[in-house]
Structures are given as structure tokens and as C-alpha cells.
Amino acid sequence: MSVLLYENSDLEAFREINSSLAGLDSLDILRWAFQTYGDELVYACSFGAESMVLIDLISKVKPDAQILFLDTDFHFIETYQLIEEVKKKYPQLRIDLEKPGLTPKQQAELHGDKLWKTNPDLCCKIRKLDPLEGQLNQKKAWISGLRREQSPTRANTQFVNQDHRFESVKICPLIHWKEDEIWMYIKLHKLPYNKLHDQNYPSIGCTHCTKQVADGQDSRSGRWANTDKTECGLHQ
Ligand code: SF4
């Protein structure tokens, strides 16, 4: 199958690709993705529960794959500890921590204290979107752990997606996975995971914008709680 480039691809091309991949499992999707894009493919990893499954699957397909973590400077200590655990378990993987162009101090000087409260979209742009854009400009495609059941905005996600935001191709091998299947895989394979998941943090981002959720609440309700914001803008 030929390399799929964003610039010369239309909706029909994506439909055809997804139709040809329908019925494949996540490992086969990853095999196709690395065969198609090789080193031009990067996994933008949040180190959430889905990430643990994806990292394990990716390590079986391409042990030296590049994994990118957007290090906003505002992550929980448990997240940084998990990254160190993953580095030890998968020493061949190339795990890069990508920093924003502004330190927290520079951001406060330019935009005021607590930008995550006064203008969270700008904060996410500075600390997540711009750094990811800088990396994706050098690549042809990226992998994401989106699952369809996570939210209505993710319900129509395909294995291979046109990514207008970054003018790239976004590959989502886990679209059909349910949350209990993610956890079954993690437990079965004794994978490391963020210890905050055991304390009612189903979805973990920056400390300023992540809260515990009550039992039975939507898994992403702890992100930007009490605001209209539901996504950082990476997935549009
Ligand atoms: S999640 Fe919150 S703290 Fe993190 S970059 Fe976005 S607005 Fe800023």
C-alpha cells in the first residue's frame, strides 16, 4: 500500500484506506503504520492507561519506535515516575520529553499568573499544541490512543484520520477497545501504570487541570472540571 500523505489525500482516499484495514486488530494496524511510515511515524503519548497498552504493542512491532511526551512542566510527580519505569521496561524505545518554548516563569511574566485559569486554550496552545506542531512538522504521521467510547467527540474516530490541525495523518489503533479491556491487558501483562489511576483519576493531565472523579462519573469529567473545555485541542 502506498505511503499516504496529507497533502495529496482527500476524504475518499482515507475512506479507502480505512475500508482496507477494517477488521484488523491493533497490532496489525501498528504493523501497517510502521511499514507505511517507518521513522516518519511518532507516538504522541500521554502515559495514561491506553498509553501503557499502546507502548507494549508498539514495542512488539518496532522496539526502537519514537515516543513523544509533551512535558508541560505541570505534570504530576507520579506521571514522571511512570515515565522512568517505562524507560526501564522498554530500554530500546526512544522516549523524548518535549518542552514548551516558555518556562512557567516566562509564561507568567508574559501572560499573567494562572493562565490555565484565565485562558486555558492559550495555555494548552503554548504548552502542548505548539510543541507538538513543531515535532509533527518533521514527521508524516502520528499515533494516538483515542478510543471511540471515551467521549461523543471521539465516537467517529477511524484507524487512519486526516488531521487538519497539524496537517498530518493520525493513526488510532485502539478505537474499538473498551475501558475494561484496557485494564484487563494492563493487569494480564503486568504493565506499569500511573498510580493516580488507583485514586479515582481515570484521565490524567496537568496538575492544574485534573481532578479526582466521583464513582460512576464520566472518565474525562475530571479534566478542566467546571469549565466548557473538554479537550486540549490536540484532537479536532
Ligand atoms: S492542561 Fe491546563 S495547565 Fe496543562 S497546558 Fe492545558 S491549560 Fe495549561
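Numbering starts at 1 and runs along the chain as displayed.
Glycine is no exception: its Cβ is also placed from the backbone N, Cα and C atoms.
Quick look at what TrEMBL annotates:
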ACT_SITE  Cys232  active site, nucleophile
BINDING   Cys123, Cys124, Cys206, Cys209  [4Fe-4S] cluster binding site
DOMAIN    41-211  domain 'Phosphoadenosine phosphosulphate reductase'
REGION    217-236  region 'Disordered'
Cβ-Cβ distance under 8 Å to Cys123 ([4Fe-4S] cluster binding site), same chain, at least six residues away: Gln107, His111, Leu115, Trp116
Cys206 ([4Fe-4S] cluster binding site) CB neighbourhood, other CB atoms within 10 A: 22
Candidate with sparsest Cβ neighbourhood (10 Å radius) among Cys124, Cys209, the listed binding-site residues: Cys209
